[in-house]
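K.L.:
Have a look at this one before I ask anything.
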Amino acid sequence: MERDDFFKALRESLVDSRTRFYRNLVFIEKKDYLDELRAVLSIYKDVVGGSRTAYAFHPWATGSKERLSNLRDLLGKFDDIDYSSSEYYLGKTYDLVVLDLVDNFQPNYIGRLVDLTSGGGLIVMYTDNLTENKIFRNSIARNGVVYNFYEERFRRKLKEHQGIFSIDTEYHVNRFVGEVKPTTEKKPLKSMFFPKELHDLCLTDEQDRVLEEFRILQRGGKRMLVITAPRGRGKSAVTGLGIAALIADSTRERVRVVITAPSLASASQIMEFAKRGLDVLKVPNEVEMSDLGIIRAVRGDHFSVVFVSPETAIGEDGDFLVVDEAAAIGINFLAQYANRWRKVVFVSTVYGYEGSGKAFLRYLRSVLEEKKAWTRWLTMSKPLRYAEGDPVEMWLYDALLLNPEPIRTGSLDSVEFLTLDKEKLFTDDNQLAQVYGILVIAHYRNNPDDLMIMGDGPHHILKGIRTEGGFISVTQISEEGNLPDSMIDLALKGGTFDGDLIPDRLLKHARIREIGKLKGWRIVRIATLPELQDKGFGSQLLRMVIEDAETQGIDWVGSSFMGDRKVLKFWVRNGFTPVHVSPKRNEKFGDFPVVVVKPISQISRKIMGIASHVFKEKLLNTIHDVYFNMTPEVAAILLEGSRAHSEIKLNKIHLAKIVAFLQGTSPYESSADGIHVLTLKYFWDGNRDWKLDEDLEKVLLAKVLQGMPWSYLNTVIGKGRTSSTEAIHEAVQILAKKYYNLDEESDIGISLDSLDDEFTTR
């Protein structure tokens, strides 16, 4: 197409989009991009005039500010967005969004910022070349090599979808000729419980409906409200209005609402609309702002709405807890919220740039069912920023694979194990959606960057089990180790580097230099179709991977993940040994990152055996300090998974105190030292072929080793002081009998002479 025809078509599409409320996108990949970029912006300015504009870039990159300066006369008044701070703009809406991709091409940022554009608006992305000298792409490289499978597919998707205009060596036009659902006025509610002033702030019938559902939180008992939607559906806004409604309608002397989210920026829309709702109801209030100008708290004479971090929210007191972007918070935190709070609102994006989807809903549903909490599930689907059927949204979901759906399988009579050809995979949309869909649907923590890493990383391998109907189980593997001496020295001195996660962690914590020389496979993800989970296919795939690793001279197979109870059990059950747990709990997810390893070569078995012993020693010696807030269930699985053994000896005074405790003549506090050593003996016993009941292990870990106050045990393990003491008594009774054949009838007579062989005095 000729240049003049291209810009004529763009002008006509911009006019049409403003009538039908859809968006257009221009992509420029050309060495001399500036003239084309200025021409696009000039046409937009001519058609639209003044507009809400955002310009995103890396301001610290060489030349980036100069590029922006060349466009200021065409941008007018605009928000300049540093990509690394782009989450702070998620609640805003723009007519024109310009993305500078010269220094970096990163899917996360594209997914996040394209969604900020309103109907009738334009997204412009420009770069000199999509694959050369890009920050994120360079971080994926291994030994200077990086593929471009992701970028080639991205370019192809730009040509396939309507509403997209692209410029490279030629001019490509694909005007939107499809249908959109016209925006319709809200239908008036036949009846409403909450004030009309709040409903007037709702833009859609869906928001009206969701707002009314907040009344269920005023009823007695434990009640949960779950609101999910793709990005841009108004769920955070209506949640803020719901908070205002609950406050205004409350008959209590004081109402306290606690809001938590991965960051204050994530909760900004809830805070903003809570205040807006209180204002229209004429409820006097004052706000507390953060340094970045985001509302941190809203307070009045009889209420407060405050933001706290996900970890802090567990121990907070209040009437209502609101969890925004719940899919980005660890299940461990969500479970504790459901256990600790009586009224909780979970709000989360499904699909969108987080890519969470059905997996998150499945995890959350299982948590709430386990807590036996009455729950109302609400979904929202109608976009607010643009019309239904918007072509840019269709392109975005396809290009970034935000909602991949794996194909349901047929017969399972014959299966084959294979390594996938990534080049072919990224040219076959059906197979890619199936493979990536299995990984996404089984893991709720996903983001668009994952797909690019999987495709472009030369050290990332895909293996799977396939039937006649398609793949049923898939794993993504990262090749690690075989490090040069310089990188080993760097790790031992505290330095960090991209990739090689497991060697890096073990070098720092086990301090054995040879670890860096071993060649390993780290399982980044392993997943099975949901309907076939818990049927052994994941374990079967893992066994096949290990057999494959043996034939290829790999020293170890391992994995690193957040220490979720269910996931950890899977790895331990399959013979993997815990060798490292981060000394810091992940503040965002609420779990401790864990490393597990299955050694293959002889030298690896020796090294990992030492690493396992070092790990177990650290965990047991510091569980009252470094790991004091580790979930006892997780600690129990970690200790069970490490078969490292050490003889722990109790002296006669310890044994006498234990017998006195069993007899009831000595309270727990008086016998705690003896019980502590007996508990250590149990967990250090790597030779036993028996184990205590899980509930007994949990109380021993929580009280005896972690030293939790009696009052805290109810929150952590669901047992009060009386039931916890009874459980400790039962556990001590079993251990004393197993190890020393002692019970409450035993008589340990102690004299000075009988202690000569155990104690020496000066």
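Note: Cβ is positioned from N, Cα and C throughout, glycine not excepted.
When I checked TrEMBL for this same protein, it listed these features:
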BINDING   Q207, R385  ATP binding site
BINDING   I526, A527, T528, R573  acetyl-CoA binding site
DOMAIN    461-601  domain 'N-acetyltransferase'
K.L.:
Within 10 angstroms of the C-beta of R573 (acetyl-CoA binding site), what count of other C-beta atoms is obtained when all protein chains are considered?
P.N.:
11
K.L.:
What mean pLDDT does the predicted model reach across the domain 'N-acetyltransferase' (461-601)?
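P.N.:
That region's mean pLDDT is 93.
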K.L.:
Could you say whether, by DSSP, R385 (ATP binding site) belongs to a helix, a strand or a coil region?
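P.N.:
Once the DSSP labels are grouped into three classes, R385 (ATP binding site) ends up as coil.
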K.L.:
About how far apart, in whole Å, are the alpha carbons (Cα) of A527 (acetyl-CoA binding site) and R385 (ATP binding site)?
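P.N.:
A Cα-Cα distance of 35 Å.
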K.L.:
Non-local Cβ contacts of Q207 (ATP binding site) (under 8 Å, 6 or more apart, same chain)?
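P.N.:
In sequence order, G234, A237, V238, L241, M380 meet the Cβ cut-off.
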K.L.:
Residue counts in helix (H, G, I), strand (E, B) and coil for the domain 'N-acetyltransferase' (461-601), per DSSP?
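P.N.:
Secondary-structure composition of the domain 'N-acetyltransferase' (461-601): 50 helix, 48 strand, 43 coil.
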K.L.:
To the nearest Å, how far is the Cα of R385 (ATP binding site) from the Cα of T528 (acetyl-CoA binding site)?
P.N.:
36
K.L.:
What count of other C-beta atoms do you get within 10 angstroms of the C-beta of R385 (ATP binding site), across all chains shown?
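P.N.:
Total other Cβ atoms inside 10 Å, all chains included: 20.
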K.L.:
For I526 (acetyl-CoA binding site), what residues in its own chain, 6 or more apart in sequence, show a Cβ-Cβ distance under 8 Å?
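P.N.:
Long-range Cβ contacts: S473, V474, T475, Q476, G538, L541, L542, S559.
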K.L.:
Rounded to a whole number, what is the top Cα to Cα distance in Å among the residues the record ties to acetyl-CoA, namely I526, A527, T528, R573?
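P.N.:
Value for the max Cα separation, rounded to a whole number: 17 Å.
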K.L.:
What is the number of other Cβ atoms found within 10 Å of the Cβ of T528 (acetyl-CoA binding site)?
P.N.:
25
K.L.:
For Q207 (ATP binding site), name the DSSP secondary structure in the helix/strand/coil scheme.
P.N.:
helix
